[in-house]
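Structure first, then comments.
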Amino acid sequence: MSDVTIVKEGWVQKRGEYIKNWRPRYFLLKTDGSFIGYKEKPQDVDLPYPLNNFSVAKCQLMKTERPKPNTFIIRCLQWTTVIERTFHVDTPEEREEWTEAIQAVADRLQRQEEERMNCSPTSQIDNIGEEEMDASTTHHKRKTMNDFDYLKLLGKGTFGKVILVREKASGKYYAMKILKKEVIIAKDEVAHTLTESRVLKNTRHPFLTSLKYSFQTKDRLCFVMEYVNGGELFFHLSRERVFSEDRTRFYGAEIVSALDYLHSGKIVYRDLKLENLMLDKDGHIKITDFGLCKEGITDAATMKTFCGTPEYLAPEVLEDNDYGRAVDWWGLGVVMYEMMCGRLPFYNQDHEKLFELILMEDIKFPRTLSSDAKSLLSGLLIKDPNKRLGGGPDDAKEIMRHSFFSGVNWQDVYDKKLVPPFKPQVTSETDTRYFDEEFTAQTITITPPEKYDEDGMDCMDNERRPHFPQFSYSASGRE
């Protein structure tokens, strides 16, 4: 299977992710699952930079006649976040050809993965939840919804919600991401959820949120993730207005270390913004993976809908030139600019004007900024992702070598040997002084407990449950 060939190619209309208009793209579907789009028909198959590049492996396909006839949607789970891409073609026959070709490639890749796992000595990976239990608990009881108090809605989106919870037994706080099963079960295609939850379990880095448990109910999949209590970086920055360059260097280095780790695993984080950065009790960074928008934002003037925070969008995302790792370095540039300058590099309440600034405007700096800081931010905020600092083949190493980070020992960063410039005033992991008071005092009801048996699993769950074998997971053996 080393020879990757083209299965199907042709013109399709792709709907913009942020600015919801349709753009013509020439797409190639390949045997390795890559589905790549260009503005022009490529004369040379190995054009270096496709505008759109995603994989149809483990995807779900849906057909719809809205917002245009002959539309099809590709949906897949990236970590615990559901992402969708929308396309349309001129005729039902054309749509049928594309969807059949995509499904055939996805099915073949799935069979190959199953064969690999069956041959592999580590095929017990499916039992990862059981394997990785704390050896001291011989009769481990699976986690259920009844094991947690539900405190506050942290985020909400089309596919589910994220709730701050407290584990009753330990008093520890977690973020529980709850996805509706019906949006991720299409026919029998659920392998992607299982595979992605495995990726999350295997993702271990000191500055990334880790997965503590996962389990399922009748109609939901639940991911229970670390939630640190040193407060959001946004909260600390609002209180102090700006951070010193030294303090920013410390946080920036930890973020670079985490993104380097993700990129080495072929994962683009794509959602770096101040609100997704938290501090642990010692003052180290934690990048969250709660992955839900704070609801769609509608611009009344244009009726175009945005998901998330448009101020952080990279130029290539806005132009719908699908993006690679360099999108994360733009995000790093925006958050480090905010830390050192006390404001966003580009801002306008009117989204159309904001997008124009992001795409066209030169960046301005306060006079107080050092030349190294200006050089770093200028490099990270270059509009063209291929010329951006970190946009080359060396990725994070390019940023690590920049003079702003000279003197930083990157192994010490990873090992948490550097002393944090600020230590949150918390006494333990359950100290809630940086949480909103309104929700530490009360709980919220998510599901009427009587709907579940004592195991937290609905008795009527028989026909839905087999879709998600071995979904339960506990990380207690890995700490």
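Including glycine, each Cβ sits where the backbone N, Cα and C put it.
Swiss-Prot records phosphothreonine for one of Thr80, Thr288, Thr305, namely Thr305. Swiss-Prot assigns the feature region 'Disordered' to one of the listed ranges (84-105, 414-435, 458-479), namely 458-479. Of all Cβ atoms in the shown protein chains, 25 besides its own fall within 10 Å of the Cβ of Cys59 (disulfide bond). Its own atom aside, the Cβ of Gly160 (ATP binding site) has 24 Cβ atoms within 10 angstroms in the protein chains shown.
Mean predicted confidence for the domain 'AGC-kinase C-terminal' (406-479): the pLDDT average there is 64. In this structure, the C-alpha atom of Leu154 (ATP binding site) lies 16 angstrom from that of Asp271 (active site, proton acceptor).
Closest to Cys59 (disulfide bond) by Cα-Cα distance, out of the recorded positions Lys156, Gly160, Val162, Asp271, is Gly160. For the pair Lys156 (ATP binding site) and Asp271 (active site, proton acceptor), the C-alpha distance works out to 15 angstrom.
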